[in-house]
Structures are given as structure tokens and as C-alpha cells.
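Record features, source TrEMBL:
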TRANSMEM  121-140  transmembrane segment
TRANSMEM  207-230  transmembrane segment
TRANSMEM  250-274  transmembrane segment
TRANSMEM  294-314  transmembrane segment
TRANSMEM  326-342  transmembrane segment
TRANSMEM  348-367  transmembrane segment
TRANSMEM  374-392  transmembrane segment
Amino acid sequence: MEKIRERFKQNKPSCESVRLRKRSSILYSTDINKPQTLQIFGVSLTVFSVVFRLLNCVLLQTSFVPDEYWQSLEIPHRMILNIFLTYGYETWEWKAGIRGYSYPLLFALMYKLLHLMNYDTVYLLVFVPRVFQALLAAYADVKLYHLVLQWETPDVAKWTYFCQLCSWFTWFCCTRTLTNTMETVLTTLALCFFPLPGSKTHHSWKYLSLVSLAVVVRPTALIVWLPLLFYHFCVEQNKLKLITQRCVPIAALALAVSTLIDSVFYGKWILVQWNFLKFNVLHNVAVFYGSHPWHWYFTQGLPVVIGPHLPLFLHGCSLATKKHRILLITILWTTAVYSLLAHKEFWFVYPVLPFCMIFSGMSLAKLQAWRKPAAAALLLFNLIPALYTGLIHQRGSLDVMHDLQHLCDPSDSQSSPELLFLMPCHSTPLYSHLHCPLKLRFLECPPDLTGNKEYVDEADVFFSNPLHWLQTSFPSQSTLPSHIVLFDCLEKEISSFLEENRFARQAEIFHTHFPEGRVGRNILIYTREDLH
């Protein structure tokens, strides 16, 4: 043995001369656990997602709901810039203390930065917050892909990403400055760190922090997360540590910071989350803005939001295994809880849409012979509503504000122009899309918070008898506004007032192909002739 060992030492080659043959078998691969990198048109997934969502942002030129302005972009002017305090307006929700300042504070900081750099133009003040939202949406798209890649097969991950980008409702909402949009982004990111069955990306601190932030932005985010949090509690081995060292510290810190921010801007100690629960759930004040039957989310709301993905989503649900059950429960739970509330909106269930895209991706991955035709049909049937709702439907609300911007130029307008909006309340944004201290007035519609059963808001009073309201509100020529903005469906009813006071039509702006009730096809701008 000694002779053999000595002979081996003498003949041992140097390390540099040894070359091992590379084995092609996957059993010897060191990259087996590394996530596969998906490339689209020769660029990385991240780059493509960013470009796609920025294009999404540019091609979204319509309005959706008042909340995208009145709970975000309108607020920073009063918070930071302090140039609209004379004519500034706050909705009843802010007066009642049910809206938090944490989300608008993000835009307030952007506004302040643009203001300090002397770049606070109307275009940038509107576009920069939406670009920020688009970048967050792109990040959420990428994280959703990587979540499914770790949780399912690469094929399912690829098709889930495809479904997410195809979704017409995601296109329609993800770059808007809605609190529900931020809630959806944070929910998607939090899910990436949630301990899903078989997931390899579990991180309690990260996902609980994101959930807390989502609840701060919009308290209803807790509805989505209650079944998920309960599931985590049930499967967690060290339940006491989860509660005392994770949940309580993170939730307490988030609540303390948000309460401090809200109290500073409200000028008093206030707990917005409690006020939100009290007014919207206990007192059901939101029903003032409309109600729907209990089944609306199941028969209309969720099917419209899922859109052309619905057959794939249902097929994906039939393919679900035990590990997918918690996501199905979350979707059903969220839809059922929202169904208990009388006031319903499409965008309320938007946060569960990424969950639905996972099941749609599972369906496409399962299809073999029909996969390409199904993907092509999905793209086409989503593209049509995405482009129509993004470029055409309800664009007048923004176009009219662009048309009125010339009034902010002292050399191009009368001295101290005054605008009157005779439209359903909050039909348009205001100062966020003008950025100058014009005197504006519009019809208000705050709900009654005193219990008066005979209460009628200003908008209803006006539309019940427009001529009488105008004659009593403007008894003399000196009190008349310089401009009146209205939908064309009201024009005939107040034509005598317009003619008597020498108002002439200055502009007619397209709004929608589907006029309904007090909302017309076009928006009209009338100007007093003696001011030309």
C-alpha cells in the first residue's frame, strides 16, 4: 500500500492540467433550481413589462371614476402647494375624516419636487403620478410571473404572465391614481412572499408589511387578506411567535405612522380606519351613491372584470388541486363579503383579479391543440375593450379640462374668470388639471350625516328644476359666471337662461357613445358674449 501511495504521488498531475468532461445530463446541472429567464422580443421580462405599462399609461386617455382624482391628485394641491387655499375644495369624505392622507402624500411629495425644480406644469403634475403607478404595475407583473414560476411549472408562469398583460380591466385600471390600484399592486407583491402551499418565496416580514401598507392605503384590503392570514395562522407551527413578533409589531407600526400622518394633515388626532368602517359599513353611507342586488358581483361585477378570461378562469378552477384551494377561497370570500354591502362597484373586486389570472394561466398551459387559437382569441377580445375604454369612452371629462387651461394664462383670458360646472358632481377633475387659482363651482352631492330623512343634495335640487336653481343662485348679472360647462342633454332645458344672459357656445367636446341619465354624449362650454 505504501509503494502504491508513493507511486501515485509521483505521477499526480497538476491541478491546472486536469480537465473534466462536461456532463450534459440534467442530473449534474448546477442551475436546476435557478428560475428560468423569460425573454420577449429579445428583451428581458422586466424591460418588456416596463415598456408595456408605460405604453399602457400613454394610451389611457379617458376617465373612469371621480375617486382617481378626488382621492389622490386633487388633495396634494391643498396639502403641499398651498396656492389653492382660497378656492380649494375638499369632498365630504375628507371633511368626515374617512380618507387617509398616506396615499395622496406620495403625490404631494412628487408635486413638491416638481415645484422646487420649476417643472410643475399641468402635464407633468398629471402624468408623473401615473408613470409612477405604471412602474409599480410593471413590477407587480414581473413578481407575479416569478411567484408562479416558483409555485408551478414554467409553462403556467408564462401563460399567467400573458393573461395578466392581456387583461382589459388591468389595462384600464393599473395606471390610474386609484387607491384600489395601489391596493391591487400591494396585494400582488404581498402574495409573492406569502406562505402558499409549496411556495419557496415565503417571507413573513415582507408580506405582512405589504399587507399593512395596503390596509393603510385602503382599509378594505383587509377583506382580501383575512382568509389568507387565517390560513397562515393555521399552518404556522410557532403561532405565538407569529402573532407577537410579526403581526402585532408590524400592524402597530403601520397604524401608528398612518395615524400620525393623518393627524398632522387633519390638524387633530384622528383614526381614519375607524371612521371608514363606521361610515361605510356600520352606517352604510355609501348606499347614498347607489345600490345593487346582492348577486350583482357574481352575475355582473366579477364576470365583467375578468372579461374574456372567464371561460379560461372557470376551466382553471376545475384543474385546481389542494394547494390552489386557498386562492379560490379568497376569491369567493372577497366576492361574497362585498356582496353584503349595498353599494357595489366594479373596481372594488379588482384586487383579486391577479388571483384569477393564475387560474387562467393554468388553463392555457393545460390546453394543447387549442392553446394558440385560445391565446389569439383572448388577445383580440381583450384588445378591443382595452383600446375603446382607454382612448374613446368617457374622454370628455379630461378633454374639457385641457380646453379650459388657456384661462390660466393672464394674457389669453378675461380678468378673474369664474367657471360653473352644471354636471353630476365630480364629473371632472378640477385644480389638478388646471394648476391655477381660478374660481370654480360645481354641484355638490354629499350624503346626509345628520339623519335628516328629507335631505336632498344640491345636485338633485338643481336637476329637479334647473331654471329655478339658476335664477335663485344668480339673481343679477354681476353674480353670473364667465363660463358654464354642461352635458348636452341639459342644454335644451336651460336654453332660455343661456340666451337671456347672452351665453354663447364656445366648444363642443365628445364624451361617450353611451349617454345615460344626466350624462350626455358631448360636453359643452358656454361663454358670456360680453366678455369676449
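One-based numbering along the chain as shown.
Every residue, even glycine, has its Cβ placed from backbone N, Cα and C.
Most Cβ pairs under 8 A with the transmembrane segment (250-274) among the ranges 121-140, 207-230, 294-314, 326-342, 374-392 are made by 207-230. For the transmembrane segment (294-314), the list of distant contacts is 163, 166-169, 335, 338-340, 344-346, 348-350, 353, 356-357, 359-360, 363-364, 374, 377-378, 381-382, 385: same-chain residues at least six beyond its ends, Cβ to Cβ under 8 Å. Sequence-remote contacts of a segment are chain residues at least 6 beyond its ends whose Cβ falls under 8 Å from one of its Cβ atoms, and for the transmembrane segment (348-367) they are 140, 144, 148, 152-153, 155-164, 167, 169-170, 173, 180-181, 183-184, 187-188, 191, 220-221, 224, 297, 301-302, 305-306, 309, 312-313, 315-317, 319-320, 324, 327-328, 330-331, 334-335, 338, 374-375, 378. Within its own chain, the transmembrane segment (374-392) has Cβ neighbours under 8 Å at 59-62, 159, 162-163, 166-168, 171-172, 307-309, 312, 364, 367, 513, counting only residues six or more beyond its boundaries. Only residues 6 or more beyond the boundaries of the transmembrane segment (121-140), in the same chain, are considered here, and those with a CB under 8 A from a CB of the stretch are 46, 49-50, 52-54, 56-57, 60, 72-73, 106-107, 110-111, 114, 170, 174-177, 181-182, 184-185, 188-189, 354, 405, 432-435.
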